[in-house]
Amino acid sequence: MAAALASSPLVHLTASRPRLPSPRASVASSAPGCSRGVCLGWRLAAGWRAGRRCERLRCYSSDGGGGEEGEKRGEEEASAAAAPGEELGSERSRSGSFSSSSSSAGTPGVSSEPSLLSFSVDNIDTVKLLELLGPEKVDPADVKAIKENLFGYTTFWLTKEEPFGDLGEGVLFIGNLRGKREEIFAKLQRQLRELTGDKYNLFMVEEPNSEGDDPRGGPRVSFGLLRKEVSEPGPTTLWQYVISLLLFLLTMFSCVELGIASKISSLPPEIVSYFTDPNATGPPPDMQLLLPFVESALPVAYGVLAIQIFHEIGHFLAAFPKNVKLSIPFFIPNFTLGTFGAITQFKSILPDKKTMFDISMAGPVAGAALSFSMFFVGLLLSSNPVGANDLVEVPSQLFQGSLLLGLISRATLGYRAMHAATVSIHPLVIAGWCGLTTTAFNMLPVGCLDGGRALQGAFGKEALFGFGLTTYSLLGLGVLGGPLSLTWGLYVLICQRTPEKPCLNDVSDVGTWRRAALIASVFLVVLTLIPLWDELAEELGVGLVTSF
């Protein structure tokens, strides 16, 4: 039985378990009066790597002529266990939990004293598995060196330590700041690189559960330490490139589909009657007639796709001078607006909140500028009778989908043109409308959208949480976006709900003008996504309002 136990370290010991002797009682248990066949002890070899994370059971017996040798080895091991009692206790606490209980009363020579340890061997394996699969933790030796060499009376007076990170893989140093936070933080970062190289990242964050602000102004700060392989984003993989390419092709198809839908009224009559009339007979129409129709629908597709590409170029242009790496954009197709936009990840740790704000706002500003240019130029071309051949007929109720865009269209085209069943507009109006609507949705202050990142940089994670709940509620009620609200709400929940990771300097303020710009942007977003209600649409003459 001992051999079976020794060969299977993960076995769950239940009824018959050898008792682990206490370090102080080990010498007495190895006295000559002890019976033969006594299990002298457990040896648990625990470490931080998978190759050393195992436990071994050694049982020495006098059977087979080896009694005196077994007792002698037991005495040596018991006396060795009595000396480093503290190391054995600390090793037990690090290794997890294990159990030791007395064996059955019918087994001779086994003590029936109550167990001193009441842990389960299975718990050892679970803890070790979590340690193996979990993130790499900070080295205690490095923590000791950092405490001795970085912190002090002139920089940061350390008072206590707490776990830091999503899984407690880092260390949070809490204490009192002894100078201007930006200068102290830069000094600590420089000294950390000199001490440990590029092994760790140091974060300056607000002190959790702080009772008051710093006497010098602003919140009290603490410093978090994480390993670089844990805190920094990973590189873009080959599969991500493949997925990005496939999504871009699908987005191109959805944009072409949007252009075709906008030109549906100009389909050749032969093709419309053949596909819509169930009593149609005769040979199918010549599909070559569709080529001019598809070509006329391409400008809308090009316009929508160009707006989204320009949006992403804005992100990259803002990130380049700040040495921030971005992932390739993952365009998400949408058959109503052409695209949901693109998901672009940060591939570098952001140095501060200003950088997060500037990069997040650059994309929507660039996309909105191009979208509004297309929209306004399209309205001017729509009111010019010279270009009537290029116009397309769209339902006038389309302009009731946005309070801001509907009012601009009404002011440009006039009451007579807008108060009708259909409105003749240039394709640029459709491209600009879809681009502005997509940009407004991406500027919603929720999750990891551009608006959510900008709000997190300007006002912090707590404000993002409150605005996020409000945004989800308005989308669920259909207040923002009308019939598009449910689709966009699901998109945010599935793809963009997680806030951005903190910056290295997650405390410094972004400034008043950035906050004012964000507030103005959110106000314009709300005006763009709120539909025109029937009373106002009827009074302004935007579409034909049918009352029941």
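From the backbone N, Cα and C atoms, a Cβ is placed for every residue, glycine too.
As recorded in TrEMBL:
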REGION    60-113  region 'Disordered'
COMPBIAS  95-113  compositional bias 'Low complexity'
TRANSMEM  289-310  transmembrane segment
DOMAIN    301-460  domain 'Peptidase M50'
TRANSMEM  330-350  transmembrane segment
TRANSMEM  362-382  transmembrane segment
TRANSMEM  425-444  transmembrane segment
TRANSMEM  464-494  transmembrane segment
TRANSMEM  515-533  transmembrane segment
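When Cβ-Cβ distances below 8 Å are used as the criterion, the transmembrane segment (425-444) is approached by residues 258-259, 262, 299-300, 302-304, 307-308, 311, 334, 337-341, 363-364, 367-368, 370-379, 381-382, 387, 390-392, 394, 398, 401-402, 405, 409, 413, 450-452, 454, 471, 480-481, 484, 488, 492, 521-522, 524-525, 528-529 of the same chain, each at least six residues removed from its ends.
The recorded stretches the transmembrane segment (464-494) and the transmembrane segment (515-533) share 3+ CB pairs below 8 A when only pairs 6 or more apart in sequence are counted, and are therefore in contact. Mean pLDDT for the domain 'Peptidase M50' (301-460) in the predicted structure: 90.
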